[in-house]
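A short write-up of the structure that comes next.
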Amino acid sequence: MSLLSADALGLLLKNAISASSMRLGRVVHARIVKTLDSPPPPFLANYLINMYSKLDHPESARLVLRLTPARNVVSWTSLISGLAQNGHFSTALVEFFEMRREGVVPNDFTFPCAFKAVASLRLPVTGKQIHALAVKCGRILDVFVGCSAFDMYCKTRLRDDARKLFDEIPERNLETWNAFISNSVTDGRPREAIEAFIEFRRIDGHPNSITFCAFLNACSDWLHLNLGMQLHGLVLRSGFDTDVSVCNGLIDFYGKCKQIRSSEIIFTEMGTKNAVSWCSLVAAYVQNHEDEKASVLYLRSRKDIVETSDFMISSVLSACAGMAGLELGRSIHAHAVKACVERTIFVGSALVDMYGKCGCIEDSEQAFDEMPEKNLVTRNSLIGGYAHQGQVDMALALFEEMAPRGCGPTPNYMTFVSLLSACSRAGAVENGMKIFDSMRSTYGIEPGAEHYSCIVDMLGRAGMVERAYEFIKKMPIQPTISVWGALQNACRMHGKPQLGLLAAENLFKLDPKDSGNHVLLSNTFAAAGRWAEANTVREELKGVGIKKGAGYSWITVKNQVHAFQAKDRSHILNKEIQTTLAKLRNEMEAAGYKPDLKLSLYDLEEEEKAAEVSHHSEKLALAFGLLSLPLSVPIRITKNLRICGDCHSFFKFVSGSVKREIIVRDNNRFHRFKDGICSCKDYW
């Protein structure tokens, strides 16, 4: 070592950076101190400053700088660059201005580091000052300086300044165009990003993987399927179809555009996959409501030892929430704890949402309370959980903590959807109308179709069907399927067939192929005893070739899902299930229970109607749960359609008769049956 020259020592310091070896760096520094004159040559001092700052030892880097009498712009830039690279943005700016106090002029490498620090700290005024200095020093025309200044303006939300600077850059390179396109997407301006890409191609620009990914994000945000497919063709022609990041972008794009089969094909044909690839397809499945596939893929990724991220876990927790997969959700929660990501904002919010949608509101509250940091999504998730349970008082209490009344975040569009849904399910008409009116007057939020639908649903549940119709007629926007559907359901519940027919006609115009609309109208006529019209609607449904979606109920026992259909006799325990149901019916009839036959769909004799409703899928699932689950465990049933009136009455009676807690999640809300009472208070 004693024979090593200064150049060789400098090379060793570069190797220390490449190998991320602080030990090697310190050994070389010790050799420099021992063998060379003090202070070392300026270029060697600069190597030392660069090594310490890049390896995230800022104090050592600053000390070497202070002990170097002949420090120059390279010395300062080495320090500032390393500080910015390692996230010490405030310190980087302090050193930048200290350099200026010493009269050192920044160069083409110093300015980008300073702009990066300003962008990260969101300091627009400081950014403008440094921009002015770059102009004064004649550096702003450098493509790298100009690009970093442009990026700074974008990240500090100074759009006009960013656009002006972009137009003034004389020679835009690929990085400049990438910065423009990427920042336009990040800033919520996908159309501008697409227009920039088209202009870039017009001047014969050649995109790289960053360009392709940014453009795909723009197409995803704008849901522009055709344009994205054209880009996919360009990806193939340009040879980027083997690039992992581009393939990941394509998976995400097709998923958001509801082309999940295309996402699957790209994933399957990828030669090399990374953790983002798996995560992208899981998220795509969730976005397309294919929750079971998302869960299966997640379990496959665990077997393949794919690195787990907080985004992956939050995505699969959303899948568990969608299919009410409580057991799987709990196991993923345990994995999140093991991976030390359960308290991140993404995973924490997903846990709050998952437990709320699985009917475990206490677990949802606990996950919420244990989060060190909460944002608007977290609060909306808990309010949504309360809404599913019809706990309007708890939802309103959490809402009161938000701005402007409280110190929490300001409510947004989705906050009010959950609040109004809670009011609807609890029958809190007065509160619901006050909240709806406050959206514009207090919060400046324009109500959307979901909010109007909640109000119609709320009024309809409360029996104010005519008022709900008058509300629809006064809507400033065109009523949607959900609005007319809420009115039609209210007509079914309260025996208003003529108004129900009007709602159905509007539904048929908006979505003529949805079998649910025809079934609901048929039920409305059946509830009013107008059997001929009910059967006519059913026959029309068959005549146009529209098939009614099958109703399913399922229950999980010992990590195995058991699914049932109405009149299903295929289960291995069918004999025991039928015996249990018959026994329960006999006990209940002896106690005065009579089946609710008003919504039986056919003009049958009373005995036939009773047989019709006695084998609904949720009753079969309940009987199986009573046979299979211990007394201390609640019976949790999920149904893909709304629970019928007779099953609702049956479940209330059973919960009191056998002293079991029964939790049913249908396609509308949760029902917690206990001691003969339902949490919905018969509003559903």
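Cβ coordinates come from backbone N, Cα and C, glycine included.
As annotated by Swiss-Prot, region 'Type E motif' applies to 483-558. The feature region 'Type E(+) motif' is assigned by Swiss-Prot to 559-589. The feature region 'Type DYW motif' is assigned by Swiss-Prot to 590-684. Sequence annotations record features per position, and here Swiss-Prot assigns repeat 'PPR 1' to 5-39. Taken from Swiss-Prot, the feature repeat 'PPR 2' applies to 41-71. Annotated repeat 'PPR 3' per Swiss-Prot: 72-106, in sequence order. Marked as repeat 'PPR 5' by Swiss-Prot: 142-172. Sequence annotations record features per position, and here Swiss-Prot assigns repeat 'PPR 6' to 173-207. The repeat 'PPR 7' annotation in Swiss-Prot covers 208-242. Residues or ranges marked as repeat 'PPR 8' in Swiss-Prot: 243-277. Taken from Swiss-Prot, the feature repeat 'PPR 9' covers 278-308. Here Swiss-Prot flags 309-343 as repeat 'PPR 10'. The repeat 'PPR 11' annotation in Swiss-Prot covers 344-374. Residues annotated as repeat 'PPR 13' in Swiss-Prot: 412-442. Among the features that Swiss-Prot reports, repeat 'PPR 14' is placed at 448-478.
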Cβ under 8 Å, sequence separation of at least 6 from the ends of the repeat 'PPR 8' (243-277): give me the contacting residues as numbers and ranges. 209, 212-213, 216-217, 219-220, 223, 225, 228, 232, 235, 283-285, 287-288, 290, 306-309, 312
Residues outside the region 'Type E(+) motif' (559-589) whose C-beta sits under 8 Å from one of its C-beta atoms, at least 6 past its ends, are 327, 550-553, 614-621, 623-624, 626-628, 650, 653-654, 657-658
Quick check on the repeat 'PPR 13' (412-442): DSSP residue counts for helix, strand, coil, in that order please. 27 helix, 0 strand, 4 coil
